[in-house]
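Following: one structure in structure tokens, then a few remarks.
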Amino acid sequence: MSDPEMGWVPEPPTMTLGASRVELRVSCHGLLDRDTLTKPHPCVLLKLYSDEQWVEVERTEVLRSCSSPVFSRVLALEYFFEEKQPLQFHVFDAEDGATSPRNDTFLGSTECTLGQIVSQTKVTKPLLLKNGKTAGKSTITIVAEEVSGTNDYVQLTFRAYKLDNKDLFSKSDPFMEIYKTNEDQSDQLVWRTEVVKNNLNPSWEPFRLSLHSLCSCDVHRPLKFLVYDYDSSGKHDFIGEFTSTFQEMQEGTANPGQEMQWDCINPKYRDKKKNYKSSGTVVLAQCTVEKVHTFLDYIMGGCQISFTVAIDFTASNGDPRSSQSLHCLSPRQPNHYLQALRAVGGICQDYDSDKRFPAFGFGARIPPNFEVSHDFAINFDPENPECEEISGVIASYRRCLPQIQLYGPTNVAPIINRVAEPAQREQSTGQATKYSVLLVLTDGVVSDMAETRTAIVRASRLPMSIIIVGVGNADFSDMRLLDGDDGPLRCPRGVPAARDIVQFVPFRDFKDAAPSALAKCVLAEVPRQVVEYYASQGISPGAPRPCTLATTPSPSP
């Protein structure tokens, strides 16, 4: 029985958006010798491209006289799926006390994105000199690993018996508080149980909280447990306390049916009473850890992001030969379709191993018979609509425009259903191997809104997300209904979407911003949607691919 006056510590949300922390482990092979007598003293400097400049974020230790170093110091970064996060790895010789790569100390460098590293788990690249040529046979290997444990949850069940009675005319009303010890040795409240009225042998309700909340993911961090007798005045009577760690709690309940117990000690009584033993006993009846999988768990476990593009070729875009057309191919400035393609596709392609993307058009009359189609391959190869990388999608788009007649209406359901077909096959495997993301670029209101709602509701039960970017200055108010931010989307028959899978953004909100701003906005929801889908299906990530840096240790620094 709980009391509203107690101000219970709320349970944290099950899933939070934001960054994951990634650790990069680095090794090099075959570094160039600066002279014939000595081997280099290598160090790797990591830079991140941020705010239009390269900024040093981490560096390894220096290893002495080693041409194939395996560095022990990890390079830690915050990872965001929706950001490009370009990285540079600079290798230099620190023999003469150098702290940065100069011409005389530079051994080579390489560039890649953090997304490329985490999607492949292990990346090996040649080192390049400043003139762009390879540094002999020198290579650098980077292995990514997510910092684990930060998303795990703990289920705990406590009871107590023979607690001291603090009430004159009735029994105590016990509750318990749990505190963790911070780095500065202060105590922070992490949980407060409910009050059990008039009972010296209380059984508190099971509760669940994140491992981060309980002990900051440090199983050795001291935990303090305080038991009180509740008083409505707020002056609760102290019964006793004990200390433990999460590791001790796990070990004490490791076997089925095994429980752990502590004496509940009141230090004042212990110091004053010679025969004092305890003020009761507290028992931990259950301690289980629930692994909450993250987006990176699925990506590093082999899940690929299958990216498909759908482009609106309806007449409302305007004649492509006109400078006022949304499809105008100006040599000076890429149109909004191209800008959105590059911004969003440039990130998604890092998560697809073959980097081949199906690209479709809708709302145009197409050769040879110039009949209206709402899901035609823009490379005009219906048997193989895939394009090589985003640059291939852009090239196909440019070749396609002069060959088609912009028409209408703006029907989106056919392309959603087309992408849903392979997603349906993927669902039947029961594995987390491929998640589909459909990018729809359109200039106006959807004509087949009822059919589109039905298609989205169906797709919400599949491993699939939909990103809609509105191009131009049309009224997109109806499009926002598909987003589901104001409540679950329903099909015309009233069936609700199983989850929110649509993100709609008008491009005009970002036309004066950096391209990365659009990508950040439209892709921010994808990691949550991926995790939500697989969690709802009870599908765990695949085992991370085994990665090793080297078979022999480097010389000591």
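Cβ atoms here come from the backbone N, Cα and C positions, even for glycine.
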- With Swiss-Prot as the source, which of 184-243, 244-303 is set down as region 'Linker region'? 244-303
- Note on the structure: Checked against DSSP, the composition of the domain 'C2 2' (134-263) is 12 helix, 60 strand, 58 coil
- What's the CA to CA span in angstrom from Asp237 (Ca(2+) 2 binding site) over to Asp229 (Ca(2+) 1 binding site)? 5
- Would you mind listing, in sequence order, the residues at least six apart from Asp231 (Ca(2+) 1 binding site) in the same chain with a Cβ closer than 8 Å to its Cβ? Asp173, Asp237
- Near Asp167 (Ca(2+) 1 binding site), how many other Cβ atoms are within 10 Å of its Cβ? 13
- What other residues of this chain sit with their CB within 8 A of the center of the CB atoms of Asp167, Asp229, Asp231, Asp237, the recorded Ca(2+) 2 site? Lys166, Ser172, Asp173, Tyr228, Tyr230, His236
- Give the sequence-ordered list of residues that share a chain with Asp229 (Ca(2+) 1 binding site), lie 6 or more positions from it, and have CB atoms under 8 Å from its CB. Lys166, Asp167, Ser172, Asp173, Pro174, His236, Asp237, Ile239
